[in-house]
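Record features (TrEMBL):
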type	residues	note
TRANSMEM	A:30-50	transmembrane segment
TRANSMEM	A:57-77	transmembrane segment
TRANSMEM	A:89-110	transmembrane segment
TRANSMEM	A:122-141	transmembrane segment
TRANSMEM	A:147-170	transmembrane segment
TRANSMEM	A:177-196	transmembrane segment
TRANSMEM	A:202-219	transmembrane segment
Amino acid sequence: MSEWWSYRPGDLLMISLRVYERLFVLHNQALWPGQWLALALGAGLLLALWRPGPARWRLAMAGLAAAWVFVAWAFLWQRYAPLNWGIRYLVPFFGLQALLLLATVLGRGARFSTSARGASRGLGLGLVTYAVFGHPLTAWLHGRGLAGAEVIGLTPDPLAIATLGVAVLVRPARRGWALLAIPALWCLTSAVTLQLLGASGAWLPLAAVAIAVAARLLPAGRP
Amino acid sequence: MSAYPDRLSRRRLLGGLLALAAGAALPAFPAQARADGILTREVPATGEALPLVGLGSWITFNVGDDPLLLEECTAVMAAFFAGGGRMIDSSPMYGTSQATIGHGLATLEAADRVYAADKVWTSNPAEGPAQIATSRRDWGVPRFDLLQVHNLLAWETNLATLQGMKAAGELRHIGITTSHGRRHDTLERIMRQADIDFVQLTYNIVDREAEQRLLPLARERGLGVIANRPFQRKRLIRRLASEPLPGWAAEIGAESWAQVILKFIVSHPAVSCAIPATTRVDHVRENLAAAREPLPDAALRRRMAAHVRAL
């Protein structure tokens, strides 16, 4: 299609709100009862970040990287891309994010590096807590009930928000910014999609990005 | 995007009168009522009669493999065929819409009732034949009735592919599409030069630029015209929803704004078919009912456009 610039964003939407919401319902049906395992792993991630140590940190980052790969394959590629061909172009970014997460624990120079303190730490942990336990409940806000809940590790929004939280906690700063970019890009994409579909809650992923960027800009607290 | 200025200058008035005179000399493609009351208009190239209202599939039929939504789309198609509809239009660009149509056609055993209109949509014309073969399998039809080059994408080479298929008897009609009023100059050039049967473009009661050159040219060249985006993807309906139906709506048997808009579109003598998309059975029935007598004459069409423009 030519003259992309002359299209309204809404003209490029390929699905209706109902189809978008049904995506999550069908995804949950297909993976049930995997949601419980995903929530348990999410709680494990939170624990690893709350009481960090080198082994926990490596495990948490490897698990998070695996979640980015799984969501890219199971949700984006298998379920969403057939409905919206633009999504296939985002899948490589999810793979890249997995590699970035692994790079924090593998290779030369890799080291345990969660050293945020004070407000940054609180905001980072808050984002992860929201992503694991709060975001699934927003399915009620969208009016689709828990059958359409978005669960961390299975769907992109809570995964991206949790990774934003991790990116806030990571030191040094350049590594944190590197981990923040792709989740922020996804959250912006999600916010635009929800807004164009007329769904409630478009502000949630936007707020997560704003909080993460603000927390990253805060001066590092004392150890 | 109205083609009509707010103030009518003498120059424009004279130009309009000249265009009217020229229009009167153009070949007429009158709408004919079938036994079931549905109005049809002949495809100029072959004389085949098509109902004036078809069925689009952009967004509405892109439902993936969701069994509930597939069932709903099949119900829409069932109502469409039961109401006398024939043309369904889709594209490989529309996600899973083609497969949804194929599911409906198979469920309803309606492959012989549909006028299958699809598109080729690729910037690499070498991929065109394979894409068309995939589309045909998704539809589950032996051949397409109409294939169009989608949004003029790589149109020279894609059109050559379609012309070759038509010459080989692998499809019946070929055409080219645009939407949102884009690239009308290129479309006009193609209409003048290329051997095609149909053009598809955006035309409705507020998007009327096509009336200036393209619709008269279609009549002159004997091309069928498919009008897309009749409701501006719901925006036009939403905008008019709070307005009362004017008195003249009863004169043309329109009971809703959707019917007013559709009757305006299909009453243009160059338009073969409008293709509204919907997910609702009641809406598909409402749309098809607009393809019945009476249709507005030229004078009423002017009043209709003026009324909507003033809202």
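Including glycine, each Cβ sits where the backbone N, Cα and C put it.
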Maximum Cβ pairs under 8 Å to the transmembrane segment (A:147-170) among A:30-50, A:57-77, A:89-110, A:177-196, A:202-219 is reached by A:177-196
Same-chain residues at least 6 beyond the ends of the transmembrane segment (A:30-50) with a Cβ under 8 Å from one of its Cβ atoms are 56-57, 59-60, 63-64, 67, 74, 114, 124-125, 128-129, 131-133, 136, 149, 151-154, 158, 162, 165-166, 169
#### Entry: Segment-segment contact (the transmembrane segment (A:177-196); the transmembrane segment (A:57-77)) at 3 or more Cβ pairs under 8 Å
no
Other same-chain positions with a Cβ less than 8 Å from the transmembrane segment (A:202-219) and lying at least 6 residues past its termini are 118-120, 123-124, 126-127, 130-131, 135, 138, 157, 160-161, 164-165, 167-168, 173, 176-177, 180, 183-184, 186-188, 190-192, 194-195
